[in-house]
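Engineer: Reproduced below are the annotations present in Swiss-Prot:
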- 1-25: signal peptide (SIGNAL)
- Y31: site 'Greasy slide, important in sugar transport' (SITE)
- Y66: site 'Greasy slide, important in sugar transport' (SITE)
- W99: site 'Greasy slide, important in sugar transport' (SITE)
- Y166: site 'Important in sugar transport' (SITE)
- F273: site 'Greasy slide, important in sugar transport' (SITE)
- W402: site 'Greasy slide, important in sugar transport' (SITE)
- W444: site 'Greasy slide, important in sugar transport' (SITE)
Amino acid sequence: MKMKAKWLPIAAAVTAALASQAAFAVDFHGYFRSGVGVSTDGSMQTGLSDNAKQKVGRLGNEADTYGEIQLGSEVFNKDGKTFYVDSMVAMTSNGSNDWESTESKFQCTSANGTALDGCENKEDATFALRQFNVQAKGLLGFAPEATLWAGKRYYQRHDVHISDFYYWNISGAGAGIEGIQAGPGKVSFAWVRNDRSGTNDGWTYNDEMNVNTLDLRYAGIPLWQDGSLEVGVDYAIANPSDAQKDSANAQYKNAKDGVMLTAELTQGILGGFNKTVLQYGTEGYSKTFAFWGDGSWYGAEAKDGADGFRIINHGVIPMGNSWEMGHQLVYGVGNDMWDTNDKWETMSVVARPMYKWDDFNKTIFEGGYFKDKNKSTNGTSEEDAGYKLTLAQAWSAGSSFWARPEIRVFASYLAQDKKEMKGNAFNNGTADDTWNFGVQAEAWW
């Protein structure tokens, strides 16, 4: 009897935990990609350009291990009012070893373990808290269908999947009201913090500048059959501290607020879709369009009067029973972003046709080309350009373009056409082309 009595508290705790689990069912979602690859000179080389996979496509052009784990649960539901708690952690690494952690280590050491001069103190893996927020419905009498939210979250992100290119994404810590029915569409408003730091766009200043983004969107506007429109405005408020205003750094003192306007037309085609996007921005948003940004960072240091625009067309369209095609066209411009800059242009073309042999077996080709041009105020200009060609054989859980999990074997050829700004991109700066071979898995759920 004593033994039975000893286990009673444990049994009660387990029972309570199971009951709690039943009462608050947990939603489990995630994403990952990982694999192995080599190039003609060591491990895979993907540095054709800055933002290379966004410019020439991601297939056979990703050398990392990346994952997201999302857990969420509706913790309250009564009288039409609900509260949902959402969370997500993410990790990234280069996949070079079995044990990859955040433990700091030196890349090279002497015999006694002392770091040698010029060696980098490095971590194998990086972990990040991507989402932690509360979403509540039914609380607003004037809009019971709307969601009141606060915390850190992915916020209405717009992207091109084949290049992993996010072009409208102010995700971060903030608050807002989402999905207010207004006529044929829905209105959303958010306030999100997007500080300018040295991790954005290679900016070299260590002292972060506070930037707050106000976002207003009107989505789901019906136009014609299978056609809809979404429009939005983002207002970035540069908020330097008193110390930054008094510093000798003019980029802090002279930081200006900026506006980004976005319009996205979506057209359904043959069971697929095509999107055309027009964006215009002032001040720091000029750098967003020149350097493949999405609105989640603001180039507050841009010269007073800078502006820019971007045109995007992308989609995935079925072509008969056996073929599907994904594509991307991008043209972006930034004007007068710094003292010697007159105009920066960037353009990209990516196409990914896919042939389905059966419900689980497909062959994929992806080709991409890009060009960057920097024109200076003295009339001179520099250009970088290059391309990628990838052939892959894939096995996936279904025949759709979007079917995942997927395992793919690939071969990629990357080459530079022009290298006036970057120089040789491969083989430690000695070559302008390379081959990559590898195997990759990708899944979302």
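Any Cβ shown, glycine's included, is placed from N, Cα and C.
Quantities reported herein were computed from a predicted structural model and do not represent experimental measurements.
Give me the structural setting of these features: burial, nearby parts and distances.
Structural biologist: Within 10 Å of the C-beta of Y31 (site 'Greasy slide, important in sugar transport') there are 16 other C-beta atoms, taking all protein chains into account.
Cβ environment of Y66 (site 'Greasy slide, important in sugar transport'): Y31, F32, R33, S34, A90, M91, T92 lie under 8 Å away, each six or more residues apart in the same chain.
W99 (site 'Greasy slide, important in sugar transport') carries neither a helix nor a strand DSSP state and counts as coil. Within its own chain, W99 (site 'Greasy slide, important in sugar transport') has D124 as residues 6 or more apart in sequence whose C-beta sits under 8 angstroms from its own.
In the three-state DSSP scheme, Y166 (site 'Important in sugar transport') is classed as strand. For Y166 (site 'Important in sugar transport'), applying a Cβ distance below 8 Å and a minimum sequence separation of six or more within one chain yields R157, H158, D159, D294, S296.
When secondary structure is read from DSSP and collapsed to three states, F273 (site 'Greasy slide, important in sugar transport') falls in the strand class. Here F273 (site 'Greasy slide, important in sugar transport') comes close to T266, Q267, G315, V316, I317: these same-chain residues lie at least six apart in sequence, with C-beta atoms under 8 angstroms from its C-beta.
Other C-beta atoms found within 10 angstroms of the C-beta of W402 (site 'Greasy slide, important in sugar transport') number 12, with every protein chain shown included.
Taking the Cβ of W444 (site 'Greasy slide, important in sugar transport') as centre and 10 Å as the limit, one finds 13 other Cβ atoms among all the protein chains shown.
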Engineer: Round to a whole number and give the Cα-to-Cα distance in Å for the pair W402 (site 'Greasy slide, important in sugar transport') and W444 (site 'Greasy slide, important in sugar transport').
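Structural biologist: Counting only the Cα atoms, the answer is 10 Å.
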Engineer: In three-state terms from DSSP, label Y66 (site 'Greasy slide, important in sugar transport') for me.
Structural biologist: strand
Engineer: Could you check what DSSP calls W402 (site 'Greasy slide, important in sugar transport') once collapsed to helix, strand or coil?
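Structural biologist: Reduced to three states, the DSSP call for W402 (site 'Greasy slide, important in sugar transport') is coil.
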